[in-house]
Amino acid sequence: MKLPIYLDYAATCPVDERVAEKMMNYLTIDGVFGNPASRSHKFGWQAEEAVDIARNQIADLIGADSREIVFTSGATESDNLAIKGAAHFYQTKGKHIITCKTEHKAVLDTCRQLEREGFEVTYLSPKCDGLIDLDEFKAAIRPDTILASIMHVNNEIGVIQDIRAIGEICRAHKIIFHVDATQSVGKIAINLAELSVDLLSMSGHKLYGPKGVGALYVRRKPRIRLEAIIHGGGHERGMRSGTLPVHQIVGMGEAYRICKEEMATEMPRLKALRDRLYNGLKDIEETYVNGSMEHRVDSNLNISFNYVEGESLMMALRDIAVSSGSACTSASLEPSYVLRALGLNDELAHSSIRFTVGRYTTEEEIDYTIELVKSAVKKLRELSPLWDMFKEGVDMSKIEWSAH
């Protein structure tokens, strides 16, 4: 077993060896290096064919038509293109958008930008298990609502929103429905032929493909129109200009193909590893799972260890790569806004650790992690005066701290 152990697959995945090998054939003079927009010679045709194959592989995984796939630089750009593109195109119909407080920053910050442009945004609070109350969602709809953006699987707590039901509500009210599926594609079966989803964001690197490439699904029937946010050349049917990075697109396509083939065996394996980890940690005193355990992606476990500071626990676990909060926001020492939205107090939010398992995780690594976490929590609590007071039966909520 190699140290450190990687348990942060929700932040990024290593590129699968099969994917890397395939990508190498699309870079040098000996491979296919042409520009897919070069229509006048074989180098361009070969590159275009490679892009078409990848487009089909991505569409196959989500039950879409390959003409509905637009390549981008990643899920952040896909979120921006979907939300800004739809809001700007349909703004004559209304300027109201619905989203949720626990969305990824790529959605929340995009909505904040639209607010500066004169749009109104309703930010729904989730229930304490992280799920959206469908009645609250319905109640937020106004005559001028044009767009709703709700993620499929949350990147921090792994809860699965009911996008089928939300999609049906949106379709009935003629509202465009965008789903950030960065954390769910390849982990949960998605068939867009059966879902009322109009726009869906995806990433390459969260699925063992390369970083720097993603895609946006844009429904054709009923047709969804977007205003471009990147101009120049009219690539990707005018929605996203720029020379296509063939090697990255080929990598993303191959990664999605492998996921489609292996999902039926891989997800039960990951669930068993996640459950093994949970069963090993759940008996530690004062530990709480964040988010619904029932409606949750099989690879995620987010636990708060009360009376332990999350940052110091991560330091004590330096042989294990885990995170507190998401990779995009864990650099700030603020407690996770996702956990705060669930109603957790600052202390519990600060003591949370996210474990996410993946393709290269083994049982041996999980068992090692369980032992290490147990001893680290025990050690850190021995240093904590709060833990002593809690063990002595002091009601912590009644303590008044004086400012120095």
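In case you wondered, yes, glycine gets a Cβ from its N, Cα and C as well.
For reference, Swiss-Prot has these:
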BINDING   ALA75, THR76, ASN155, GLN183, SER203, GLY204, HIS205, THR243  pyridoxal 5'-phosphate binding site
MOD_RES   LYS206  N6-(pyridoxal phosphate)lysine
BINDING   CYS328  [2Fe-2S] cluster binding site
ACT_SITE  CYS328  active site, cysteine persulfide intermediate
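Annotation note: SER203 (pyridoxal 5'-phosphate binding site) sits in a strand segment as assigned by DSSP. Within 10 Å (C-alpha to C-alpha) of LYS206 (N6-(pyridoxal phosphate)lysine) lie the following binding-site residues from THR76, GLN183, THR243: GLN183.
Counting every protein chain shown, the number of other Cβ atoms lying within 10 Å of the Cβ of THR243 (pyridoxal 5'-phosphate binding site) is 13.
Residues ALA75, THR76, ASN155, GLN183, SER203, GLY204, HIS205, THR243 are listed as the pyridoxal 5'-phosphate binders, and the farthest two of them sit 30 Å apart at their Cα atoms. Within 10 Å of the Cβ of GLN183 (pyridoxal 5'-phosphate binding site) there are 28 other Cβ atoms, across all protein chains. The secondary structure of THR76 (pyridoxal 5'-phosphate binding site), as reduced to three states from DSSP, is helical. Counting only same-chain residues six or more apart in sequence, the Cβ atoms lying under 8 angstroms from the Cβ of SER203 (pyridoxal 5'-phosphate binding site) belong to GLY74, ALA75, SER78, THR182, VAL185, GLY214. Highest local Cβ density among the binding-site residues THR76, ASN155 belongs to ASN155, counted as other Cβ atoms within 10 Å over all protein chains shown.
All protein chains included, GLY204 (pyridoxal 5'-phosphate binding site) registers 29 other Cβ atoms within 10 Å of its own Cβ. Long-range Cβ contacts of HIS205 (pyridoxal 5'-phosphate binding site) within its own chain (separation 6+, distance under 8 Å): THR12, CYS13, VAL15, GLY74, LYS211, GLY212, VAL213.
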